[in-house]
Amino acid sequence: RPSETKDYIMQQTMFRVKDPVKSLEFYCDVLGFKLLMYKEFPQWGFNVYFVAPVESANIPESEDARWDYCMKLPGCIELTYNYGSESENGLVYNTGNGDSTGTSNGETIKGGFGHIGITVPCVYEACDRFKKLGCVFKKTPNAGGMKGLAFIKDPDGYLIEVL
């Protein structure tokens, strides 16, 4: 790694979401993430919500300190809500997992994004909990050739690998 990049971090991934309430319930109540920051940009027609798997006690009180903490924290997810998307029917965004396609120079292409991953102490116990909470599974821990891992979907269909 070049010495000039020693302080670079992978700080966030951004997902566009149809309904911020449902998405925040999923990431906070199901996955245990905490809402770090919320910012409204009505002049541009969107709001952003930063969530991450942190302890509440570590989140600073003041907005400036909270922003600084959030921007230096690896592994955040930025949920971006574009005004009006909640009233659209069905899935609104291409998750990159073959559930919708596009074209480029006349050729059909699939989206490129795959998933994010979370590690848990016990995949089977976590998946039992996710099932009770009504999560939609793409793959359960014992399905397919790869045992002991699972994929669940968030409210917009983005995949979360459970390891």
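Using N, Cα and C of the backbone, Cβ positions are placed for all residues, glycine too.
In TrEMBL, annotation is done automatically, which means it is predicted and not curated.
TrEMBL lists 9-163 with the feature domain 'VOC'. According to TrEMBL, the Zn(2+) binding site annotation covers Gln12, Glu78, His115, Glu161. Annotated active site, proton donor/acceptor per TrEMBL: Glu161, in sequence order.
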Neighbourhood of Glu161 (Zn(2+) binding site) by C-beta distance under 8 A, where only residues 6 or more apart in the same chain count: His115, Ile116, Gly117, Ile118, Leu149, Ala150, Phe151
Packing count at Gln12 (Zn(2+) binding site) (other Cβ atoms within 10 Å of its Cβ): 18
Least surrounded among the binding-site residues, given as Glu78, His115, when other CB atoms within 10 Å are counted: His115
Mean of pLDDT values spanning the domain 'VOC' (9-163): 92
Secondary structure of Glu161 (Zn(2+) binding site) (DSSP, helix/strand/coil): strand
His115 (Zn(2+) binding site) in three-state DSSP notation: strand
